[in-house]
Structures are given as structure tokens and as C-alpha cells.
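Engineer: There's a structure below that I have some questions on.
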Amino acid sequence: MKKAEMGRFNISPDEDSSSYSSNSDFNYSYPTKQAALKSHYADVDPENQNFLLESNLGKKKYETDFHPGTTSFGMSVFNLSNAIVGSGILGLSYAMANTGIALFIILLTFVSIFSLYSVHLLLKTANEGGSLLYEQLGHKAFGMVGKLTASGSITMQNIGAMSSYLFIVKYELPLVIQALMNIEDTNGLWYLNGDYLVLLVSLVLILPLSLLRNLGYLGYTSGLSLLCMMFFLIVVIFKKFQISCPAEIAFLVNETVNSSLTQPATFLPDMGFNRTESDSCQPRYFIFNSQTVYAVPILTFSFVCHPAILPIYEELKGRSRRRMMNVSKISFFAMFLMYLLAALFGYLTFYGHVESELLHTYSSVMETDILLLIVRLAVLVAVTLTVPVVIFPIRSSITHLLCASKEFSWWRHSVITVSILVFTNLLVIFVPNIRDIFGFIGASAAAMLIFILPSAFYIKLVKKEPMKSVQKIGAMFFLLSGIVVMTGSMALIVLDWVHNAPGGGH
């Protein structure tokens, strides 16, 4: 360990003065679910730039001198916004339809504030613990168990994100092909079957890109994804004023939805909207039903960006914890508004008949709309190019765990890549609904990354604050809240699965 490495923090003494332990992992930089952050060392073998576990740069004789951040404040805000926004935005209208407007806003506010608070804990823990690597903080706090827990949570979150992207391909690509080919009768056409199309896209497009040894241009897909989601938001708002609320929406959703969804609307009778035709298009503010349990996991899934916080912090020009918190506040507030508007206008368009993937709901009432077709194409391109970015850190983590001391092997590289893709494709084919991905990952990995791990690391590693201090008591309360959220949400989701299993309720 070298003392010079700690100089790279460049923390203002008046702000973060504390005794740091040394750390050899500050050269770390990796892509999140949306972004591939630029590495300091472009010449490092990509497979050895460990994205999920501690870097083994001892073998590479690099300088560990003071390294100031080079990314501007505005670009850091953009990078963090890229890391936050993801496919979860497509499920927010469904969450609002099962909570009501007022309850959704309350939950969204609390989840965003809690997520921001966990960023505060994570940054302070990084300074005290002397590491800018999430998993290394786990190792410093709880040894190998902490390291594996952090690594496993991030890997689960990445697999969930990748699955949600492929679900979008499964849902939307058949509709795009149908619209482009002007096909009326879809019965028996294999190229309109979502399962076949996911396999085809994975084999022809995603696999070759995923086999690359470095990310290259794929790193720019983060910006493309954010732009696509902003375009999606604009279209959602515009369509609210173009689509009147037809009384027959429920019929349309159940009868005309494309076969790429596995029983897509069978959960509608259980949604708790017992209304007449006259009030079917009236907004509701508080709703409690069997699907309300998915709201918090969907929201937590949508706000996970914590593995990207430390790399962005490392790159920040004029690096200080206060400056990074300002970056986080602006990014979280921007995404809060974006999520709220997308959920609100999507809900006010379809009310209680929103599907778990909002974009697919439009196919029930506007099958041939050109603007929606453009949105679908943009989203499909973005998510298809993002999947290899997400595979990269998962593969690096597995390689490090299983073959850390071995030289690079194309055979091993290919087998791990194919295995990840096969596993994810099986999830997408056999898990009936994207809501289940949002719910399960949001209740497990996302809850770990937002609530449990940052607070646990803070309690363990920040030594200068006594356990009876307000800060430690707050962190302890946050930890307990995370455990309650995770166990409660998981239990209710499993109960919902069991309850609906006989009738195929998903």
C-alpha cells in the first residue's frame, strides 16, 4: 500500500478532514446499467480493469501519484443522470395506477430522498474507509463476506437491468416489425414471436458486441439512452392530449395486445379498479390492491445508481464531498421530475389499464402511429446497444472470482459471455412479465445497494463518530428501514406469485 495513493482524493481539509487508510483501487472506473465511465488507463487490458471487484494493478506498474479529477460539474451531472435513468421509467405509470397519484408522489419523494441520503453515506464512508470502490468498502468493513455481498448485489442489479432491456425487445420489436410490414393477421408468424426475436437479436447483434475485449464506442450509448428516454417522455406527454379516454380501453388491452406478451393483461381484473364506465377515466389518489406491493421495488429499481457514484466522484474536477453532493442533488431532482411526469401522464392516458411496460400499452389504441413507431425504434436501438455495456462488468466480476490469476483466454471469455446471455434469455422467455423483474430486483439487489450496504459500511467504517451520535443513529435507522423494505416487499411479492400462480395471474 502506498501513501501517495490517498493524495488522489484531493478532499478539502475543511470539509473531509479525517484519517484515511491507504487504498490501491482508485484507478477503478466501470459502466453502470446505463453508462460506461471513461477509464484513467486506456492501455489496461479491459479484462483486467476489474469493474466489480478490486483492481489488481500491482501487476501493472502504473503511477499512483496524485490524480485530480478532469470531468466538469455539468458533465458529472449528465453522467450521473445517465446512471440513474433506465428501463424502470417504463414501469412507473403501472406503479402509479396501483397506488394512486398522491400515494405515488409520496413514495417517489421518499425513495428519492432516501437514495440521496445513501449517496451521502457512501461518499463519507469512501473518505473514511479510504476506497473509491464499492466492493472494496465491503471488504474493508466485513471482509470477504462484505465484498461478495456487494459484488453479488451489483451483479444481480446488472442482470436485472439486462433482463429488463431484453424484455423491451421482446415486447416492442414484434410491434415494430408488424407496423413496418403492415401485417394484419399475426397468427403463426414466427418473426412476430417475441421469444424468437429476443434469441435472434441476442445471437446476431448482442453477442458479437459483447465478445469485444473493450467497450469502445459502446460507452457512448449512455448518452443515447438518456436522449431516447427524454424523447419517450415528450411523446408520453403529447399523447395524453391526443388520446381521449375511451370506455373500451380495457377491452382493447385484453383483446388486441400482441402475442409477444405472455397473458399481458390477465392481471387487470385483480387491480382493484371497480368502477363504472362513467368514472373509468377519473384519476384516483390512493389505491391499495394486490399489485400495490410492486410500487416500492419498481421505484427503488429506478433510482439505483450507487455503483456509479464513486467512479463519478473520482472523475469530478475540483473533487470534494460537498461538490459531489451538489452533483447528486441536481441529478436526482432532474430524474425525480422526469419520473414523475412520465408516470403521471402515462397514468392519465390509460388510468387503471396501464400495462407493466407503458410503451406497449399504446399498441392497444394506436397500432400504426408513426411517432410511437419512432419512439419504439429509438428505445430498441438504445437498449440493444446497452446490453453489451451491462454484460462487461458482470463478465469481469466472474472472471476475477474464478480465474483471477490466469492469463486472458478467448475460449473462457466467450464461454462466460455466452453463459450470461443464455441465462438472461431464459429469464426473459420464462418470466411472464417485466413487472416481476422490476419487483424482484428492486426488492432485493436495489434495496441492498440503496438502503442496507451504504448504511452498514458507514456504521462499520466511520470510526470518528460514536454509535450514540445522531449520524450513527440515523444510519442505523436507515439500515433497519432497508431490511424492513427488502424483507417486506420480497414476502409480499412471493405471496402474490403464489396467489396468482394457479390462474396464471401474471
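Think of each number as a place in line: the chain as shown, counted from 1.
Glycine residues also receive a Cβ, built from the backbone N, Cα and C atoms like all the rest.
What Swiss-Prot records for this protein is below:
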{"type": "DISULFID", "residues": "C245-C281", "note": "disulfide bond"}
{"type": "CARBOHYD", "residues": "N258", "note": "N-linked glycosylation site"}
{"type": "CARBOHYD", "residues": "N274", "note": "N-linked glycosylation site"}
{"type": "MOD_RES", "residues": "S12", "note": "phosphoserine"}
{"type": "MOD_RES", "residues": "S21", "note": "phosphoserine"}
{"type": "MOD_RES", "residues": "S22", "note": "phosphoserine"}
{"type": "MOD_RES", "residues": "S55", "note": "phosphoserine"}
{"type": "REGION", "residues": "1-23", "note": "region 'Disordered'"}
{"type": "TOPO_DOM", "residues": "1-76", "note": "topological domain 'Cytoplasmic'"}
{"type": "TOPO_DOM", "residues": "97-102", "note": "topological domain 'Extracellular'"}
{"type": "TOPO_DOM", "residues": "124-158", "note": "topological domain 'Cytoplasmic'"}
{"type": "TOPO_DOM", "residues": "178-188", "note": "topological domain 'Extracellular'"}
{"type": "TOPO_DOM", "residues": "210-217", "note": "topological domain 'Cytoplasmic'"}
{"type": "TOPO_DOM", "residues": "239-292", "note": "topological domain 'Extracellular'"}
{"type": "TOPO_DOM", "residues": "314-329", "note": "topological domain 'Cytoplasmic'"}
{"type": "TOPO_DOM", "residues": "351-371", "note": "topological domain 'Extracellular'"}
{"type": "TOPO_DOM", "residues": "393-413", "note": "topological domain 'Cytoplasmic'"}
{"type": "TOPO_DOM", "residues": "458-472", "note": "topological domain 'Cytoplasmic'"}
{"type": "TOPO_DOM", "residues": "496-506", "note": "topological domain 'Extracellular'"}
{"type": "TRANSMEM", "residues": "77-96", "note": "transmembrane segment"}
{"type": "TRANSMEM", "residues": "103-123", "note": "transmembrane segment"}
{"type": "TRANSMEM", "residues": "159-177", "note": "transmembrane segment"}
{"type": "TRANSMEM", "residues": "189-209", "note": "transmembrane segment"}
{"type": "TRANSMEM", "residues": "218-238", "note": "transmembrane segment"}
{"type": "TRANSMEM", "residues": "293-313", "note": "transmembrane segment"}
{"type": "TRANSMEM", "residues": "330-350", "note": "transmembrane segment"}
{"type": "TRANSMEM", "residues": "372-392", "note": "transmembrane segment"}
{"type": "TRANSMEM", "residues": "414-434", "note": "transmembrane segment"}
{"type": "TRANSMEM", "residues": "437-457", "note": "transmembrane segment"}
{"type": "TRANSMEM", "residues": "473-495", "note": "transmembrane segment"}
Engineer: Could you tell me whether the transmembrane segment (103-123) and the transmembrane segment (330-350) have 3+ CB pairs under 8 A, leaving out pairs under 6 positions apart?
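Structural biologist: Per Cβ check, the transmembrane segment (330-350) touches the transmembrane segment (103-123).
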Engineer: According to DSSP, does C245 (disulfide bond) sit in a helix, a strand, or coil?
Structural biologist: coil
Engineer: Give the one range among 77-96, 372-392, 473-495 whose Cβ atoms make the most pairs under 8 Å with those of the transmembrane segment (189-209).
Structural biologist: 372-392
Engineer: Could you pull out which residues elsewhere in the chain have a CB under 8 Å from any CB of the transmembrane segment (159-177), counting only those six or more residues past its ends?
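Structural biologist: Residues 33, 86-88, 90, 183, 186, 191-195, 197-198, 201-202, 258-261, 301, 357, 359-360, 363, 367, 373, 376-377, 379-380, 383-384, 386-387, 390-391, 394, 420, 423-425, 427-428, 431, 434, 437-438, 440-442, 445-446.
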Engineer: Quick check on the disulfide-bonded residues C245, C281: which one has the highest count of other Cβ atoms within 10 Å of its Cβ?
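Structural biologist: Within the set of disulfide-bonded residues, the most crowded position is C281.
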Engineer: Can you count helix, strand and coil residues in the topological domain 'Cytoplasmic' (314-329) using DSSP?
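Structural biologist: Split into helix, strand and coil, the topological domain 'Cytoplasmic' (314-329) gives 11 helix, 1 strand, 4 coil.
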Engineer: Excluding the flanking five residues on each side, which residues at least 6 beyond the ends of the topological domain 'Cytoplasmic' (458-472) place their CB within less than 8 Å of a CB in that stretch?
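Structural biologist: Tertiary neighbours of the topological domain 'Cytoplasmic' (458-472) are 18, 121-122, 124-125, 128-129, 137, 140-142, 479.
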Engineer: Against the transmembrane segment (473-495), which of these stretches has the most C-beta pairs under 8 Å: 103-123, 293-313, 372-392, 414-434, 437-457?
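Structural biologist: Going through each listed stretch, the top one turns out to be 437-457.
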Engineer: For the topological domain 'Cytoplasmic' (458-472), what are the DSSP-based totals of helix, strand and coil residues?
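Structural biologist: Per-class counts: 7 helix, 0 strand, 8 coil.
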Engineer: Kindly say whether the transmembrane segment (103-123) and the transmembrane segment (437-457) touch, using the definition of 3 or more Cβ pairs under 8 Å where each pair is 6 or more positions apart.
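Structural biologist: In contact, yes.
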